[in-house]
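Here the structure is laid out as structure tokens; the discussion comes afterwards.
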Protein chains: 2
Amino acid sequence: MSVTTPQGFRAAGVTAGLKASGDSDVALVVNDGPDHHAAAVFTSNRIEAAPVTWSRQVVSDGRADAVILNSGGANALTGAQGFADTHRTAEATADAIGVSAGDVVVCSTGLIGELLPMDRLLSGVTRSVEALDAQGGTAAATAIMTTDTHPKQATVARSGWSVGGMAKGAGMLAPALATMLVVITTDAVVDPTDLEPALHAATEITFDRIDSDGCQSTNDTVLVLASGASGITVDRAELTDALTDCCADLARQLIGDAEGAHHDISIEVRSALSTTEALEVGRAIARNNLFKCAVFGNDPNWGRVLAAVGTTYASFDPAELDVWMNGVQVCRSGGVGEDRAGVDLSGREVQVVVALHAGEAAATIWTNDLTHEYVHENSAYST
Amino acid sequence: MSVTTPQGFRAAGVTAGLKASGDSDVALVVNDGPDHHAAAVFTSNRIEAAPVTWSRQVVSDGRADAVILNSGGANALTGAQGFADTHRTAEATADAIGVSAGDVVVCSTGLIGELLPMDRLLSGVTRSVEALDAQGGTAAATAIMTTDTHPKQATVARSGWSVGGMAKGAGMLAPALATMLVVITTDAVVDPTDLEPALHAATEITFDRIDSDGCQSTNDTVLVLASGASGITVDRAELTDALTDCCADLARQLIGDAEGAHHDISIEVRSALSTTEALEVGRAIARNNLFKCAVFGNDPNWGRVLAAVGTTYASFDPAELDVWMNGVQVCRSGGVGEDRAGVDLSGREVQVVVALHAGEAAATIWTNDLTHEYVHENSAYST
């Protein structure tokens, strides 16, 4: 059930003392081959952390031998010193496992704007290499947690090969990735030119469609490593399908563990002119604080749904809009529908459906409610 | 200190029973002339309430004799019946004061998606006409409150003439107006063609630059009525200046009373390539929930400021960005600056300054922190 489920991978998670809590905070995943194919997608935030700048370069040739990850500090907005620290981390990892530093991906997560305590981190690197184990997936998944309440892992089993994944992320979830670090492994034999398009296709309809709080991180990374150790060759379609299943499982876990959330909300936009317009509308609703507060209060305030829709450029006639909440059509043709008192929002899952009557496209965005616990966690994070 | 400070106006505020609280909920402002010039700006939300649709038409000829306002129901997303109800409200008001219904502006605020109890509202209209008084400004300002904790009024005195205003709004504050209803009066003698451009110029740098929670209402209206009763003629520049002073005073009061806020935050973006880019950056910061939660926690988390900046299209080099919080330069040239521990956020006012080093333009956006009380008020509003 982890990144070490596919053959050809070892992993570890150790405590370097980066977190005040004393929990584990350095993770390492090594691809022992025979293949060392890699691809990644990164945050689209224009202010990217040093490890993102580094790792873009590492994977640009399609090869990576390992990924070293730390929680307890994002190493973002840390200038030249921050980049030098990332470089040293990659070198220390590479030296210890006998590969090139240019084939070691680095990921960091935690507070922005502070330098990492390099003595502790480098000692953690050393110990993580010593701890590498073919059963080390869960230890690695645990060491990348920040405000996550539990490690997040997924496995997709296919005939003779598999995909494994781990993820961290519990806030700052927004499209074009969220503060999430994701490492996916597979032992399939793949054409290296298939790996990046397959990963993009998978993330586009999974991680890119969760939007917990509209905030976009400086550090987001989704990395896939392919070892070929199963000896089973798969084509791009099979690979894309398995990666999508794995990403969907992890994305769902991220929403389910978003900071302080009481509800997981799916927002399905139907009969849009295009998928782009459906996504625009879905995101506008997902980012509307008044709507999110209403769901927290178990209040089927559909007016706030449409007030959000009205701020978009999507094609629709206000007099044709329909809204359902948990199956009850609370708005019909832009006016009052069934009695909102009939909507039961007491469960964890909330389904909002909006029909635009402008075309044939549809899309679903996943988000969370806005709660006291969200405010608490995010006002207390760095203090 | 109110809409009845300028000569030529009477106002009233009465209780029609629209609010469960039993507080006053119908307000009326009448312009007794001799001039009856009017101009307004409305929400840019594409889903506009029935009274907005009605009132756009009323002011399109530059004349209005009165404005009738109700709290306790927004009359938005109420279809043809909602529009008919607005029409009836205008007719009842017009009949009672002896003007044309086509010269009566209607404003509503409250819950979206429910029809108004017309019997109560029409009886409130009757009583508001009976209660009209040249000292009635404060009663009117009180009757338009929803979650406001106090009535909001302003007066700008000039030599022989004045401007008076009242506003409601305590949440859903966003650019292109917020859920705000604002009525401004003046007894200046103005060229009717000056009124609309002067109002636009005033709102563009006041109401359009407050952004409490990024949510945009279906009902926003800012109306100005000019009676000419002072006999003093003013030119467009003098008028614009006085309207701007009045709008700035009211906008500041709206931010100061935003739902559940503990801090009023000014976000000044300097050295931007254009005012548009400065505003884009300011709004991105103002709408970042993580930043807003950090301010609530008195936490100078400047990384969240720049993570928001990084999501914009504005021109900047990440390695040149500077950030000050309450006067302390916490970020210098895109890296760590002064010790963040030196930033004192314990006061109500928080000043954030971001320098983009891309040009000569600047703009300031006002917002609030995201607090437990905001979540509470907005999860309990309709229940």
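Including glycine, each Cβ sits where the backbone N, Cα and C put it.
Heads up, TrEMBL stuff is auto-annotated, nobody curated it.
These features come from TrEMBL:
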- B:Thr146, B:Lys168, B:Thr179, B:Glu259, B:Asn378, B:Thr383: substrate binding site (BINDING)
- B:Thr179: active site, nucleophile (ACT_SITE)
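A map of TrEMBL features onto the structure.
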| residue | record | Cβ within 10 Å |
| --- | --- | --- |
| B:Thr146 | substrate binding site | 22 |
| B:Lys168 | substrate binding site | 27 |
| B:Glu259 | substrate binding site | 26 |
| B:Asn378 | substrate binding site | 28 |
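With a threshold of 8 Å between Cβ atoms, the binding-site residues B:Thr146, B:Lys168, B:Asn378 that neighbour chain A are B:Asn378. The secondary structure of B:Lys168 (substrate binding site), as reduced to three states from DSSP, is extended strand. Under DSSP, B:Asn378 (substrate binding site) is assigned to a helix (H, G or I) in the three-state scheme. Following the DSSP three-state reduction, the secondary structure of B:Glu259 (substrate binding site) is coil.
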